[in-house]
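Reviewing the structure listed below.
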Amino acid sequence: MNHFLSVHDVNDLNALVSAGLAAKKTPFADQHLGQNKTIGLMFFNQSFRTRISTQKAAENLGLKVISLNVGSDSWGLEMEDGVIMNGTKAEHVKEAAAVIGRFCNIVGIRSFATLADQAADYAEQVFHQFRKYAGVPIVNLESATRHPLQSLADCITIAEFKKTQRPKVVLTWLPHIKPLPQAVANSFSEWMHQSDVEFVITHPKGYELAPEFAGNAPVIYDQDEALKGAHFVYGKNWSSFSQYGQILTEGRDWMIDDAKMSLTDGGYFMHCLPVRRNLKVTDSVLDGPQSLVIEQAANREWSAQAVLREILLSL
Amino acid sequence: MNHFLSVHDVNDLNALVSAGLAAKKTPFADQHLGQNKTIGLMFFNQSFRTRISTQKAAENLGLKVISLNVGSDSWGLEMEDGVIMNGTKAEHVKEAAAVIGRFCNIVGIRSFATLADQAADYAEQVFHQFRKYAGVPIVNLESATRHPLQSLADCITIAEFKKTQRPKVVLTWLPHIKPLPQAVANSFSEWMHQSDVEFVITHPKGYELAPEFAGNAPVIYDQDEALKGAHFVYGKNWSSFSQYGQILTEGRDWMIDDAKMSLTDGGYFMHCLPVRRNLKVTDSVLDGPQSLVIEQAANREWSAQAVLREILLSL
Amino acid sequence: MNHFLSVHDVNDLNALVSAGLAAKKTPFADQHLGQNKTIGLMFFNQSFRTRISTQKAAENLGLKVISLNVGSDSWGLEMEDGVIMNGTKAEHVKEAAAVIGRFCNIVGIRSFATLADQAADYAEQVFHQFRKYAGVPIVNLESATRHPLQSLADCITIAEFKKTQRPKVVLTWLPHIKPLPQAVANSFSEWMHQSDVEFVITHPKGYELAPEFAGNAPVIYDQDEALKGAHFVYGKNWSSFSQYGQILTEGRDWMIDDAKMSLTDGGYFMHCLPVRRNLKVTDSVLDGPQSLVIEQAANREWSAQAVLREILLSL
């Protein structure tokens, strides 16, 4: 693996899931791989799980870790080519990427959607520029449109808990008070399309994901109908793609509770965290035996380790 | 030792002080103990000595360290159970604690008093919630009501410098321009009650510590009277407990100077730092041979190392 | 080497450059030197290259690294002696320096010019105070008037790319939209005076560097004239020293472009980064084969490693 920006950088998804599960069993078996190598983690946005799990995974592999909060630790970066830099951005990504690529063997980047400009967000300029100029492998720590380390952790979790060969997985929109990016939903959908599952999406009308992410998954606008027989219920809020970045409906009746879960086939509840309790999903579901949210988060360490391991092997 | 939240988690205070002094002599003797283990340090508030000394101590023991500024590196945490999370807090402590407990073998937390609500501060909700949900040992890096790593460093310092078997130790209130928490004073008092010292508290009327911390220590409202014959003068400002969080008196005459120190029995001056010079204590005292403030701060490394060592031994 | 605050702390500049080039070839050859030792990095200002390159260099040498953003991670420091500390600064440098000197074997500090008070900036109080009170070697990560780790990286870069024994090096002022410190220009000048080069300075009238830094270098107010025959063009903006901190001229015609570079003797373009493209220098120059800016930045790792190595050898 060279870069890890999306599922399209993965050669063999099953092998990567297996590598994650192997890392979970013997976390320090590959500690020599990262010896005398360094990963730089650049955060354009806040991070809790991703920050910690990626650092943990890197150190499990013997890597040194350098973390940087862009814009507070250092300065803002200009992403556009050809501009006269007489504004607030003191440094161009051409230099910043090339320089960090000289100091670090791998560079992880987190840069969220602004939700102000669909075309700009979906162009993923930050990642394209870093991939172009850093000269080293780039790892997506959540971009405007994707969160592949989360999606891989989700696949690992499903692999651990599935009871049937081809489980039914339902991605369901949940209510929220703020407009959120589509990244996690996009990415999960993209990874499910590469997995041996029956994949269904449910959301209120107007929340259709971008076609390149939704793919040919059935979209059901009746949540109860969609949940029937589910083995895994994957909850997430996202703002509208077509009316970009907008909240179209309060949707309080889309919150997952015990009654909704009882429609499933003893299904598990999944969510990438953070999750707003009693707004997106009830305490009773989150605290019940069917919730996988902590296991999912814990698997972030093993998804990062599987990815970094494969990158290190190809350096 | 499982958790380290207060002196009540300590089985044998003398043994812990001795472990600190041993670490000071041979800092790297236990470097194998932390091998392939990680401590997470969560800062809800600023930190200088605690941040550095805890990281140093952890690394002396072979631990990996992950530090996190909650609220800037990551997001705010909801501490209340059962609420509908439709406000500013994006994540519940139930998830945050459980997740960091999956990534880290030990979790250190700093979370100060707000001084707005006595009952809330003294309930120490942040620490109770993390202890309840993290599933790993929690270390108090200063809570609303206590600063036990400081208190242990103070005990180590007194052990190093005492010239009599049972020295007289005076905790004295000092003037300040801002309302400060009672945590350091509370904690010091609590640890002195477990130590073989003659312990006296002096402060202007109205600054009585909470009864569970003051215990049965004599409270003398005349500072000069209290300082007589002291072997250790422990200075600190705190705001009122009864008129919670208020400054009741400017108290400029409570500043420690050479004249005050001359009332003692060749006593040492102690303060936990940071200290405001010439407001709480004069330059001449701080820069004189009787000041132990730097040694006290340096001993923070050994107090943290003694505590982390004992926790690692019990994992 | 004890402290590294300026070129005056360097015994043998050629040997230090050679040590940097040796580190570049075999980065991990001295990994034992830093074993069980720690460097503390204190940032009073933002940092990207310096933060990462110094951490990299330290870890190459086996050092542990503790980074601290002063004022956000911890609190503001009072630098003046003898004051009554009843303002916004909670801690005095006497304590902060002494304490970090007890925790760390080496302390690196970044503290920029305020550009508000020439005498204060040029007194370099922060560094004098830390040198006085820390009790351990201090490394300048950019001070109000100097950036010696950058200057050493520049010397390493010139040593790598020079084609003649005694190249012509031109320091040229470049336009900018904000008043910037003189530190990089001062420092570069100071180091060039110790190097076997023909050194020339060019800038608009009024931008004369402080005499102790400019030394006896010829100052040419006609940029084209100065560039003639140059082997290295070192671009940088700085605000006026005499009319302290002011921008005296927009100076758009001082931007380096291909036409200007064609006046040189096949000269290289150097700049310390960050650089504002198409304001200070054109895309075509930065992206062309004569630009050394990335190599210069990459050499920051080796300049830091050469300095830290020499300090470790003298501990």
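A Cβ is built for glycine as well, from the same backbone N, Cα and C atoms used for every other residue.
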Legend entry - Matching residue for the N(2)-succinyl-L-ornithine site, where TrEMBL names C:E142, C:K236, C:R276 - out of C:H176, C:H193: C:H176
Legend entry - Nearest-integer angstrom distance between the alpha carbons (Cα) of C:W75 (carbamoyl phosphate binding site) and C:H176 (N(2)-succinyl-L-ornithine binding site): 32
Legend entry - Near-B candidates in C:W75, C:E142, C:L149, C:H176, C:R276, C:R300, the binding-site residues, by Cβ under 8 Å: C:W75
Inset, instruction - Go through C:L149, C:C272, our binding-site residues, and report the one whose Cβ sees the most other Cβ atoms within 10 Å. - result: C:L149
Legend entry - Residues from the binding-site residues C:W75, C:H147, C:K236, C:R276 that lie close to chain A, Cβ under 8 Å, in sequence order: C:R276
Legend entry - Greatest C-beta neighbour count within 10 angstroms, which of the binding-site residues C:H176, C:K236, C:R300: C:R300
Legend entry - Proximal residue to C:E142 (N(2)-succinyl-L-ornithine binding site) among binding-site residues C:L149, C:C272, C:R300 (C-alpha distance): C:L149
Legend entry - the domain 'Aspartate/ornithine carbamoyltransferase carbamoyl-P binding' (C:3-160) [mean pLDDT, rounded to integer]: 96
Legend entry - DSSP three-state assignment (helix, strand or coil) for C:L149 (carbamoyl phosphate binding site): helix
